[in-house]
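Visitor: One structure follows; several queries about it will come next.
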Amino acid sequence: MSAQRKRTVVLISGRGSNMTALIAAASDPAFPAEIVGVISDKADAAGLGVAKARGIATQVISRAGHGSKQAHDAAIDAALAAFNAEIVALAGYMRILTPGFVQKWQGRMINIHPALLPAFKGLDTHARALAAGIRIHGCTVHFVTPEMDDGPIIAQAAVPVMVGDNADTLAARVLKAEHQLYPLALGLVAEGKARMAAGRTVLAHFADDADNATSVVMAPDPLREEADLEHLARITP
Ligand code: GRF
């Protein structure tokens with residue numbers, strides 16, 4: 001496995017808890033991706049310290065240091081080339097990437113979004129979910145395409161909206177699911193079990209569990225134990 005592990009660079013802007021989950025998963029030599037670098041557009045991103053402490057190479061590439069969005073993304077692209085990156089994982093990277101950059105990495109760049117897409121694209125997803133009164137919320141990992149939060153869905157995890165939730169309690173519940181889902185989705189992409197073709201995600205090669213492949217993918221074990229669908233049905237009014 002180790003010879004084929006996909007070289008993955010994580011792009012962050014802040015806290016980096018999803019980055020940390022990816023690094024933790026990839027610390028297992030059997031995981032199909034290795035995290036070879038972390039790039040931040042913010043010098044004060046808390047995630048940089050976490051990555052360094054785990055021995056991961058970090059780089060700050062700030063927008064201010066570049067004359068245009070294109071020049072900024074070109075610098076990121078050059079850094080990715082220097083890392084020999086094969087996969088890019090956006091993890092709380094708070095900038096819209098330019099179409100040329102996105103097209104270059106299409107099918108090899110993934111993002112995590114804190115809502116069940118295509119609902120609640122954009123920011124403040126938890127407050128908007130509460131305002132809409134939905135009872136099931138969650139998170140999505142998708143391939144990145146030029147339009148924001150619009151690319152083909154790779155995997156999703158659902159959590160209940162509880163009576164009495166506020167945006168913070170709901171965000172915390174979703175974040176826990178994010179930390180399960182993102183390593184699962186990165187693993188699928190790195191293994192070639194999820195790939196992008198003709199604008200869609202193709203899930204394939206689940207030879208070890210051909211009959212139940214999709215349901216296994218969509219319900220990572222730790223999440224299923226905590227909140228299986230039957231349980232969700234009972235606790236959501
Ligand atoms: C996460 O909720 C992620 O889904 C969203 O931004 C947040 C980043 O959090 N894109 P962290 O930096 O991974 O802790």
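Keep in mind that glycine also has a Cβ here, set from the backbone N, Cα and C atoms.
Look at TrEMBL and you will find His113 tagged as active site, proton donor. Taken from TrEMBL, the feature N(1)-(5-phospho-beta-D-ribosyl)glycinamide binding site covers Gly16, Ser17, Asn18. The (6R)-10-formyltetrahydrofolate binding site annotation in TrEMBL covers Lys69, Met94, Arg95, Ile96, Leu97, Asn111. Here TrEMBL flags 6-186 as domain 'Formyl transferase N-terminal'. Per TrEMBL, the feature site 'Raises pKa of active site His' maps to Asp149.
What's the neighbourhood like for these features in this structure?
Guide: Sequence-distant contacts of His113 (active site, proton donor), defined by Cβ-Cβ distance under 8 angstroms and a gap of at least six in the same chain, are Lys121, Thr125, Cys139, Thr140, Val141, His142, Asp149.
In the three-state DSSP scheme, Asn18 (N(1)-(5-phospho-beta-D-ribosyl)glycinamide binding site) is classed as helix.
In sequence order, Met148 make up the list of same-chain residues 6 or more apart from Ile96 ((6R)-10-formyltetrahydrofolate binding site) whose Cβ falls under 8 Å from its Cβ.
When averaged over the domain 'Formyl transferase N-terminal' (6-186), pLDDT in the model lands at 97.
Using a 10 Å radius centred on the Cβ of Asp149 (site 'Raises pKa of active site His') and all shown protein chains, the other Cβ atoms total 18.
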Visitor: Once near-sequence residues are set aside, which residues in the chain of Lys69 ((6R)-10-formyltetrahydrofolate binding site), 6 or more away, have Cβ atoms under 8 Å from its Cβ?
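Guide: Listed in sequence order, they are Arg63, Thr98.
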Visitor: Considering each pair of residues in Lys69, Met94, Arg95, Ile96, Leu97, Asn111, all listed as binding (6R)-10-formyltetrahydrofolate, report the largest CA to CA distance in Å, no decimals.
Guide: 19
Visitor: Only counting partners 6 or more residues apart, tell me which same-chain residues put their Cβ under 8 Å from the Cβ of Gly16 (N(1)-(5-phospho-beta-D-ribosyl)glycinamide binding site).
Guide: Val38, Ala45, Ala46, Gly47, Leu48, Val50, Ala51, Ala91, Gly92
Visitor: Around Asn111 ((6R)-10-formyltetrahydrofolate binding site), how many other C-beta atoms are within 10 angstroms of its C-beta?
Guide: 26
Visitor: Which one of these binding-site residues has the most other Cβ atoms within 10 Å of its own Cβ: Ser17, Asn18?
Guide: Asn18
